[in-house]
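Copied from TrEMBL, the annotated features are:
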{"type": "TRANSMEM", "residues": "31-50", "note": "transmembrane segment"}
{"type": "TRANSMEM", "residues": "70-91", "note": "transmembrane segment"}
{"type": "TRANSMEM", "residues": "103-121", "note": "transmembrane segment"}
{"type": "TRANSMEM", "residues": "180-200", "note": "transmembrane segment"}
{"type": "TRANSMEM", "residues": "228-246", "note": "transmembrane segment"}
{"type": "TRANSMEM", "residues": "284-302", "note": "transmembrane segment"}
{"type": "TRANSMEM", "residues": "330-351", "note": "transmembrane segment"}
{"type": "TRANSMEM", "residues": "363-382", "note": "transmembrane segment"}
{"type": "TRANSMEM", "residues": "408-431", "note": "transmembrane segment"}
{"type": "TRANSMEM", "residues": "443-462", "note": "transmembrane segment"}
Amino acid sequence: MELGGANINGDARRPSLLEIRQPPPPASSPIWKTVMVASIAAGIQFGWALQLSLLTPYVQLLGIPHTWAAFIWLCGPVSGMLVQPIVGYYSDRCTSRFGRRRPFIAAGTSLVAIAIILIGFAADIGHMSGDNLSKDAKPRAISVFVVGFWILDVANNMLQGPCRALLADLSGGHQSKTRTANALFSFFMAVGNVLGYAAGSYTHLYKAFPFSRTHACDVYCANLKSCFFISIALLLILTIIALTTVHEKPFSPEQGNLVEEGVSEPFFGEILGALKDLPKPMRILLLVTCLNWIAWFPFLLFDTDWMAREVYGGKVGEGRMYDLGVRAGALGLMLNSVVLGVTSLVVEFAARGVGGVKKLWGGVNFLLAVCLGLTVLVTKLAESSRQYTSVHGGAPTLEPPSAGIKGGALTIFAVLGIPLSVTYSIPFALASIFSSNAGAGQGLSLGVLNLSIVIPQVIAIGNTNVNLITP
């Protein structure tokens with residue numbers, strides 16, 4: 001088995017971590033197995049949708065100041081920078097009799113369940129530990145919440161990387177099947193989004209779980225707790241079905257020892273060296289992915305806030321316009337998820353129609369740029385058309401934006417589902433394809449790709465925090 005290459009002088013060169021040869025990919029599996037594994041994304045994304053829509057108000061309910069709430073969101077990218085490459089590295093070398101990916105998927109699912117229980121019951125645990133409910137800040141509940149939130153982010157990163165790596169393994173090295181597998185993963189992410197936003201918007205869900213409302217947990221808290229119960233059940237059911245119906249061929253200890261022969265440096269030292277020796281296609285993929293997510297994250301972080309502040313002209317805690325704008329933004333996210341799901345099913349056909357995935361990715365990135373540019377136009381039009389009414393000589397009251405402006409903003413949300421579907425599928429498919437062509441490990445290659453996603457996220461969230469705390 002080939003383990004390395006040579007430099008331009010013909011001298012033997014020790015292979016980098018990403019170039020170490022893996023066993024030949026198995027024959028491609030039936031499509032139903034791919035669907036089973038991809039469906040886990042619905043359970044993962046259901047929880048993410050709840051985080052995006054409900055957790056920030058819950059954080060403030062526990063007493064964490066709004067100024068510092070955004071710092072909690074750094075858990076995701078920081079854990080992503082560390083966890084996915086490490087999990088990818090060890091899953092490529094795992095010699096468990098259950099396979100290389102399934103043990104990590106099972107462990108990640110178990111950690112998600114534990115984390116969600118900690119988050120949902122943080123207020124109750126804090127109260128039982130001595131928190132005073134009459135005070136705004138509840139330090140014990142906050143501590144439980146932060147621990148649970150960090151575990152949740154670590155667990156989600158443990159899940160997503162091995163799931164995508166298993167999809168690549170099931171594709172057997174076939175480029176078309178790899179792209180289809182990642183498109184199905186993107187489709188189920190959209191399904192999870194829709195279900196999560198729907199559950200989060202239903203304010204009486206707690207009535208199905210009457211025990212969720214307690215002295216320390218009000219209606220809003222009980223509703224969030226109920227949503228999390230559903231999230232755990234959905235993820236457990238989908239994961240159990242996938243792991244019991246899709247089996248992996250165990251990676252033999254002899255193969256694992258052979259893989260390790262090329263590695264002598266510590267993990268982090270080796271991965272830094274590997275990044276320097278990346279083949280040109282992978283370097284370009286990482287660069288484009290990084291630039292792509294630099295464009296995406298400001299919108300993903302502030303989409304509903306943009307609708308509430310700029311389109312509706314509202315301010316937090318002042319009148320009803322901000323709340324109306326947030327609800328309109330939530331509707332926009334729902335439309336975005338529907339378009340994301342539908343488009344994910346036709347990504348492979350669209351790639352063939354335009355002459356390849358590279359042209360498709362370039363085209364939708366142009367569409368992304370146009371849509372983000374149009375947000376400026378919608379903002380200016382909304383500002384110039386603000387209308388106020390005064391009842392019986394009272395203070396002027398701001399009116400909602402016109403149907404045309406609101407429709408334009410919602411259209412931007414919906415159309416952005418098209419480039420988002422490609423962003424969730426094509427880069428991961430290309431990383432898997434490049435990995436297969438080089439004989440490298442799928443898990444670590446996808447973990448390295450994740451670095452080009454989380455670094456822009458750290459920059460975006462860090463800039464948000466600086467703006468929040470600057471007087």
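Sequential numbering from 1, following the chain as shown.
Each residue, glycine too, has its Cβ placed from N, Cα and C.
Predicted automatically and left uncurated, TrEMBL annotations should be read as such.
Here the structure is a predicted model, which means the values were calculated and not measured.
If you look at the transmembrane segment (103-121), the same-chain residues 6 or more away from its ends with a CB under 8 A from one of its CBs are 40, 44, 47, 55, 87, 90-91, 94, 96, 144-145, 147-149, 151-152, 154-159, 161-163, 166, 224-225, 228-229, 231-232, 235-236, 239, 242-243.
Most Cβ pairs within less than 8 Å of the transmembrane segment (70-91), among stretches 180-200, 363-382, 443-462, belong to 443-462.
Counted over residue pairs separated by six or more positions, the transmembrane segment (443-462) shares at least 3 Cβ pairs under 8 angstroms with the transmembrane segment (284-302), which defines the two as touching. Counting same-chain residues at least six beyond the ends of the transmembrane segment (31-50), those with a Cβ under 8 angstroms from any Cβ of the stretch are 105, 112, 116, 152, 156, 159-160, 163, 166-167, 170-171, 177, 180-181, 184-193, 195-197, 199-200, 224, 227-228, 230-231, 234-239, 241-242, 245-246. Residues 29, 33, 36-37, 39-40, 42-44, 46-47, 50, 102, 105-106, 109, 112-113, 116-117, 119-120, 166, 170, 195-196, 199, 205, 209, 212 of the same chain lie 6 or more positions beyond the ends of the transmembrane segment (228-246) yet place their CB under 8 Å from a CB of it.
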